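Note sheet for the following structure.
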Amino acid sequence: MAKGLQVGTGSSTVAYENLGRRRKQFVYVPVLRLNSMAQSQVRLGGLLLQHQYGEIVENVGAFLAAKGSFTLKDIAEGTKLGMNEVKKALCVLIQHNMMDFERNRRGILEYTIHINKVLFVTRYPRYIYCAKTLYGDVGEFLVEELLSHGQMLMSQVCRRVSERITQALEGQSVDELKVRKTFVELVETHFLQRVAAPPSDSADKEDEETELQIKEKEMFLIPPAMDIDYGKVNPTVSSSGKRKREDGEEGDKVAKRPRSTSPLSDEKNEDAPDKGVYWHINFTRFHQFFRDQAVLSALNSKIDRYACEIVRTMLRVSEKTTVPLAPTTHPMSSHEIFQSLPPELDLNRQTLGEYLTLLAEDKTEIVNKAGESGGGMYILNMQKALETLCKASIESVVQERFGSKCSRIFRLLLMKRHLEQKQVEDMAMIPAKEAKELLYKLFSENFVTMQEIPKTPDHAPSRTFYLFGINMHQVSRMLLDRCYKAMGNLISRREHENTENRRLVEKSQRVDAISASLQSSGADTTQMSEVEEMITPPERQQLNKLKHDINKLEQSELQLDETIFLLESYLPGSEAMVLY
């Protein structure tokens, strides 16, 4: 028997060896070469997973993000972890909707992590604040519970939120019906959606398509048992959604029922009225809201409040007919926009037409005129709006890094698209030597591209035009990569500061707890001052510096996430080409 067998598949060749009588099965593992941005994403995702869920989940997540899809056995071998540890880590990632699984050709489950969903962890504070702004404290608690647990039953999350608010109000009870109404509002506006059931093993494609269509229709349906009017038709359920105690035995069962923290816990929720229907955050809807708010804020600052409200009305009209995060909306008539304007805006048809004309003629091209029927048909070009916002963001980066003259050259190239070096010097009104230095500095940092146009086939430099321009797609990707690296550095620095000062922080927390207990027991000022003196002035100064540094780092993370969101929203719809 030959010592080696070469099996060729296309251009690749996999070698298998026969090691005597003991035959081993060799698995070909593809080695993925990650580009710079993918490496930055894996590093940032690992830091987020470690901070949020621990080192074991970080090892499994980083392994899958760097290597690709693998089976349970391959993950355990690649990470050098025990099988039970890997299973628990996979459960955590699936619970938080960061991972998918499907059967391969051999019928074995393979697990795939979505690194972009892992990076959403940096945006959790924005999701919670958005829910608080739109739906108050109840909406904030609902979104916070779902983010911390990944996916939950509606009955679970409403009960937990009701208990948390009751504790925060120091004994004042909160009707669970109010929490349930807010939950229904979040579902109706598509901020929450059902967790999709795993695909069946059916081999019939028609059955799979029908199953997917049914799932899409049911994504935003409230179970009948959890409807807010269910208590009126079912006398065994009170208005707060809790089952009434009709006899002692049933009351004991309800009172002794343990609280569940997640669907993957030991409790099976067999007595829950909405058993098996889990809910999670619809990140796409939140991102659509963030995108719309960024565009509206830019319009408000550039034109005025009325233009902002008109575009807001157009967005509200297009929600029913346009796919979320679509680059453009469906055409809508001027009459339809006028009928949907809020009454307090007090705009007549003539003024509305003037504003629509102003928006359509603006160089940003956010509003485009698509026809003359119905008083004029208009569409919103959200991709153009995102491009305008990205240009402004990149211009500010150039301004901060290279100065005002480089920013002037950058804006000039954005306007003129392609210019020679002599044209840049003349139009930017910068001396030739300085303009050349600044232009090549931007070129070396990949903010500017250069295109050669030869006059003759020999490409002689004396007979070649050198045109400088800006590739927005390339610059946006480069800036996004740097943002990922900066975010990772901020998180690492924050963790380092907390680790270095952990003992001092724990001491401060103990002193604060003692002070709070003495104050509640009515201690005199002498005792309180003695407790406060347990922390020396240098230690207090170090604590104040630590709090200042941590606050500054957290604010930088939030501001950086806004830039990351803007670039991530723009890149999918952009084209990798130099502007002509």
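Using the three backbone atoms N, Cα and C, a Cβ is placed for every residue, glycine included.
Residues annotated as domain 'RNA polymerase III subunit RPC82-related helix-turn-helix' in TrEMBL: 47-101. In terms of DSSP helix, strand and coil, the domain 'RNA polymerase III subunit RPC82-related helix-turn-helix' (47-101) has 41 helix, 5 strand, 9 coil.
Feature annotation from TrEMBL assigns domain 'RNA polymerase III Rpc82 C -terminal' to 181-389.
Taken from TrEMBL, the feature region 'Disordered' covers 230-271.
Marked as compositional bias 'Basic and acidic residues' by TrEMBL: 244-255.
Across the domain 'DNA-directed RNA polymerase III subunit RPC3 winged-helix' (394-470), the prediction's mean pLDDT works out to 89. Positions annotated as domain 'DNA-directed RNA polymerase III subunit RPC3 winged-helix' by TrEMBL: 394-470.
Per-class residue totals from DSSP over the domain 'DNA-directed RNA polymerase III subunit RPC3 winged-helix' (394-470), listed helix then strand then coil: 46 helix, 14 strand, 17 coil.
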